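Trainee: Input: one structure, supplied below.
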Amino acid sequence: MAITLNNGFKMPIIGLGVWRMEGKEIRDLIINSIKLGYRHFDCAADYKNETEVGEALAEAFKTGLVKREDLFITTKLWNSDHGHVVDACKDSLKKLQLDYLDLYLVHFPVATKHTGVGATGSALDDDGVLDIDTTISLETTWHAMEDLVSLGLARSIGIRKFICSNYDIFLTRDCLAYSKVKPAVNQIETHPYFQRDSLVKFCQKHGICVTAHTPLGGAVANTEWFGTVSVLDDPVLKGLAEKYKKTVAQIVLRWGIQRNTVVIPKSSKVERLKENFEVLDFELSKEDMDLLKELDRNYRTNQPAKFWGINLYA
């Protein structure tokens with residue numbers, strides 16, 4: 001099952017995020033997920049594992065497990081490379097051992113001090129606050145992203161985390177206004193506790209596919225890093241899991257799919273990979289979709305301000 005993007009390319013509606021994956025774990029994760037049917041992988045320069053992902057993909061291609069054209073590979077421009085978009089994209093392609101990307105995203109809508117192409121540190125100033133580069137506008141970054149399409153380095157381009165509180169819709173609107181190549185995707189945190197219905201509807205109305213990163217509310221990863229609560233512990237969702245004889249995660253992912261959003265859950269366990277992929281054989285009723293609307297808390301689980309000394313979401 002796939003969503004057709006505004007440029008005609010198809011994006012599988014279920015993908016696999018590789019955040020916080022390392023070493024041999026990556027190889028096994030990629031190979032096992034392909035065997036299970038995954039064809040969409042969500043990467044980022046900032047995850048610091050593009051080289052390992054590339055080695056796994058190369059193995060999958062070499063052994064005939066899958067062909068390049070069967071996969072949808074996403075990676076992302078880091079904040080410190082906004083002034084070096086083409087070089088940063090080429091660096092990611094080299095590490096991933098690919099000739100082109102299916103999707104290249106602006107990871108955050110903020111340019112920071114350049115620390116070297118592919119070096120994804122977050123430079124802080126003397127006060128311990130993110131060192132923002134005020135000479136590079138989002139419009140400048142976007143036009144550089146458009147060059148990637150004309151160069152054949154990326155089939156589609158998009159935005160991610162354009163999410164500064166109520167400013168999210170306006171940033172997306174502005175991008176639509178000045179773009180020659182429209183963003184194909186807006187990747188945002190959204191799950192039953194953080195539904196962001198207005199932004200989702202705005203994007204879909206204007207032909208931008210919404211991808212839900214953190215579609216399970218962050219679970220263990222965001223609890224460890226940010227101390228946030230997981231949606232998977234919600235009693236309403238547990239009740240629905242019993243009703244449909246599915247896991248809570250499957251209920252949440254199915255909810256995301258029925259909103260017509262792409263979901264990219266992360267897991268390194270084969271049994272979880274299999275469960276997360278098995279969400280197309282049932283459907284939540286309208287009554288239960290309406291019930292889930294009531295769970296919205298406007299509750300963000302991903303809080304990079306912990307590392308940056310500044311809250312970009314305020």
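Glycine too: its Cβ is placed from the backbone N, Cα and C atoms.
Bear in mind that TrEMBL entries carry predicted annotations, made automatically and left uncurated.
Dumping what TrEMBL says about this protein:
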ACT_SITE  Tyr47  active site, proton donor
BINDING   His107  substrate binding site
DOMAIN    14-296  domain 'NADP-dependent oxidoreductase'
SITE      Lys76  site 'Lowers pKa of active site Tyr'
Trainee: With a 10 Å radius around each C-beta, find which of these recorded positions (Lys76, His107) has the fewest other C-beta atoms nearby.
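Mentor: With the recorded positions Lys76, His107, fewest surrounding Cβ atoms within 10 Å: His107.
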Trainee: For the C-alpha pair, I'd like the distance in angstrom between Tyr47 (active site, proton donor) and Lys76 (site 'Lowers pKa of active site Tyr'), rounded off.
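Mentor: Counting only the Cα atoms, the answer is 10 Å.
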Trainee: I'd like the number of other C-beta atoms within 10 A of the C-beta of Tyr47 (active site, proton donor), please.
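Mentor: Counting Cβ neighbours of Tyr47 (active site, proton donor) within 10 Å gives 21.
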